[in-house]
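Visitor: Submitted below is the structure of interest, expressed as structure tokens.
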Amino acid sequence: MQTIRQLPDLRDAVSGFRAAGERVAFVPTMGALHAGHMALVAEAKLAAPRVIVSIFVNPKQFAPGEDLARYPRKEQADSRMLAAAGVDLLWMPPVEVMYPEGHATNIAVTGVSEPLDGAARPGHFDGVATVVAKLFNQVKPDIALFGEKDFQQLAVIRRMVADLDFDIDVRGVPTQRDDDGLALSSRNVYLAPEDRASAVALPRALGVAARAIEKGDDAQAALATARASLEAAGFDVDYVELVDAASLGTPVAGQPRRLLAAARIAGTRLIDNVSVAEPE
Ligand code: PAF
């Protein structure tokens, strides 16, 4: 696996793949890799002969006071995992390569980025859209893979790709979970053992609410029950909402729906989501 930190070297390597007629699948990450990321890499390997992974902890998607400084950084372990998985190229730009002096462009995707995490974390999705657009222009992939755990992020990126005419096939990969159901996340390392034990209330509450809505129970009542069970488990709830899976707005009869939640336990903010089928 080549590890590249400068843009001209990346462009040379990608041109080499292109000259050989090889398609490129891309997995953008912020590192601290876990089995969720490796599932994206496995899908990428199936999708194209060349796989590029980026690791860049993007300061623009963290608000002041969020966990940028303590976000886990595990360069060597990450690099070993990616090499063992058969990744061709690891793109690890320093911050001054990504955002050189004078960088002044911001991408704001309206609509899908506004509710839910967009309301709870103002500016977050501008930071995500801006860095992902830059990564796409740097790597020029044919296919890009994102986890469905960050369901709103995936919707924002799909919107941006359509609106800005990126010729990239964006694919979502199902959330990977621990045995007890907690969605894998780089932030799970922040959880003390007792908080990790309580955190399982998040996927459980979503599962119970989704099943209740699917069997025709009142959705608002099911959401209120989910919120109450999270609070009983020690969570501070940002939101528990049922939305249209494409627009993330009000659910539309007959269209796919998604149940999303964000909540903090002992200061660690966790997000999760599940699909909700039509009532039986
Ligand atoms: O999901 C992430 O790890 C990040 O938001 C991403 C897509 C790599 C952009 O920084």
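Positions of Cβ are set from backbone N, Cα and C atoms, glycine also.
TrEMBL lists these features:
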| type | residues | note |
| --- | --- | --- |
| BINDING | 30-37, 147-150, 184-187 | ATP binding site |
| ACT_SITE | His37 | active site, proton donor |
| BINDING | Gln61 | beta-alanine binding site |
| BINDING | Gln61, Gln153 | (R)-pantoate binding site |
Visitor: With the Cβ atom as the reference point and anything under 6 Å counting, tell me which of the recorded positions (Met30, His34, Gly36, His37, Leu184, Ser186) are near ligand 1.
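Guide: With ligand 1 as the reference and 6 Å as the Cβ limit, the list reads Met30.
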Visitor: When you measure from the Cβ of Lys149 (ATP binding site), how many other Cβ atoms are you left with inside 10 Å?
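Guide: There are 21 such Cβ atoms around Lys149 (ATP binding site).
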Visitor: Would you count the other C-beta atoms found within 10 angstroms of the C-beta of Ser186 (ATP binding site) for me?
Guide: 19
Visitor: Given Gln153 ((R)-pantoate binding site) and Met30 (ATP binding site), what distance in Å do their CA atoms have, once rounded to a whole number?
Guide: 14
Visitor: By a simple count of other Cβ atoms within 10 Å, which of His34, His37, the recorded positions in the record, is least packed?
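Guide: Comparing Cβ neighbour counts within 10 Å for the recorded positions His34, His37 gives His34.
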Visitor: Using other CB atoms within 10 angstroms as the count, which residue among the binding-site residues Ala32, Leu184 scores least?
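Guide: Lowest Cβ count within 10 Å among the binding-site residues (Ala32, Leu184) is Leu184.
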Visitor: Three states by DSSP: which one describes Gly36 (ATP binding site)?
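Guide: Assignment for Gly36 (ATP binding site) reads helix.
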Visitor: Please list, in sequence order, the residues in the chain of Met30 (ATP binding site) that are at least six apart in sequence and whose C-beta is under 8 Å away from its C-beta.
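Guide: Looking at Cβ-Cβ distances below 8 Å from Met30 (ATP binding site), excluding near sequence neighbours, one finds Ile55, Phe56, Val57, Asn58, Tyr71, Ser186.
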Visitor: Could you round the CA separation between His34 (ATP binding site) and the residue listed as 'beta-alanine binding site' to a whole angstrom and send it over?
Guide: 20
Visitor: With DSSP assignments reduced to helix, strand and coil, which class does Leu184 (ATP binding site) get?
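Guide: Its secondary structure by DSSP: coil.
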Visitor: Using C-alpha atoms only, work out the spacing between Ala32 (ATP binding site) and the residue listed as 'beta-alanine binding site' and round it to an integer in Å.
Guide: 16
